């Protein structure tokens, strides 16, 4: 039963949205298939791909780096007993030549090496979210990724120097990659009109899956056939590719449409008016108290936490699971580990189009986000539960994980772009907070898995790992389903902004025209 108060609130929210975004109907999209905003999103897509390549290549490389036969092993009968001795059960392949790496690292050590990247990654989330709002996001993103890539080239040297130096190098890589998500979100907020948000936002963030799909099989091939002894070539190849992207982005990327020297004026007008209205962008002080009291913000935060815990479990541990339970060799491992992310990439594109279609057919942003996010988080949770019982059938297990991770692509049109809905002006700040907190939760994933499977790499142990991840997915997805919103929040209403004589936070280069912020679009006129 809807109360009169709820009716008033709903009506007020709709009036606010209509008041804040009337310009979407007033300014038609410029003709032509591709514009500067599409080139910018392509650059961001490739940047996201490079970021996830640098993040995931260690997961495959560590399988080739570790001397598995030198580690304490449970009796081979445990694996068979786990499957009940049934026909078609997996028989351990202890004679895999790819198991003889140089390093005798137990599962505890491996979990700390894998998680060290994320300790650095979370430290720079919020600082760069705030700095990107004040000074612009482009250079923080480009330079950060350059640091990440250059230190990626040092991973082999650090590994031979010892576990400590390797952890330090991976930690610094994480520091460099910290700006990727908040700065990307800040740039999307400046470049993508609301009616293109689901498609273009999902396209950019699907770069994560594209990078993973490229990284895992190619890393497996490089580990088996690459130069410099195999696995070191993984870090040399991807380190060079990441460095090249960083330089290209720094030279050809632009902070916003108004600072782009060659953008079509019609496209610039379309983007700016669609996002901010004829007056241009304003940059008021960050409403910290209102943000922290906002349930839609907390809904996004909870969904982000659930996603990162489940995703990091699979991203960092799936190659190890493929070896310990499914007994794939290093080449099969990289390919099989990549299939779920390929499915996630494809599904994310399809679901983004579906989401924009739902919104265009008068379904509210709130309902559309909730539907697609539920697919994106309940789907992998169910798949993890089922896959924990099918380890005796490798093909079925890979198929289930692939389908579950495919559905996980719904999160990119769900909570992942929801920051832009509720607060386009503070989207980078909101993303820095949710991504930082979510990655702190994600830090627990490889450590938890390492402790559970230590000394007993069996299907029963992995079942515990998968059940924990599924439970986190379900709880957080349910919280989002209840409390999320796709409407712009009252604390980001431009009409309530107090007049300010000078705002230094409009990306570090705002100018004023007759007292109105225009984010660098106009030259200050003299008042006579």
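Including glycine, each Cβ sits where the backbone N, Cα and C put it.
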TrEMBL annotation (transmembrane segment) - matching range among 82-100, 177-195, 234-252: 234-252
From 408-426, 465-483, 484-502, the residue range that TrEMBL assigns the feature transmembrane segment: 465-483
Of the residue ranges 294-315, 316-337, 338-359, the one that TrEMBL records as transmembrane segment: 338-359
Of 139-161, 254-276, the range TrEMBL labels transmembrane segment: 139-161
In contact by Cβ distance (the transmembrane segment (234-252), the transmembrane segment (139-161); 3 or more pairs under 8 Å): yes
The transmembrane segment (338-359) versus listed stretches 112-132, 202-227, 427-453: most Cβ pairs under 8 Å: 202-227
Among 112-132, 202-227, 234-252, stretch most in contact with the transmembrane segment (41-66) (C-beta, under 8 angstroms): 202-227
Non-local residues, at least 6 beyond the ends, that sit with Cβ under 8 Å of the transmembrane segment (112-132): 55, 58-59, 62, 105, 140-141, 144, 163, 166-168, 170-179, 181-183, 186, 286, 312, 316, 428-429, 431-433, 435-436, 439-440, 442-443, 446-447, 450
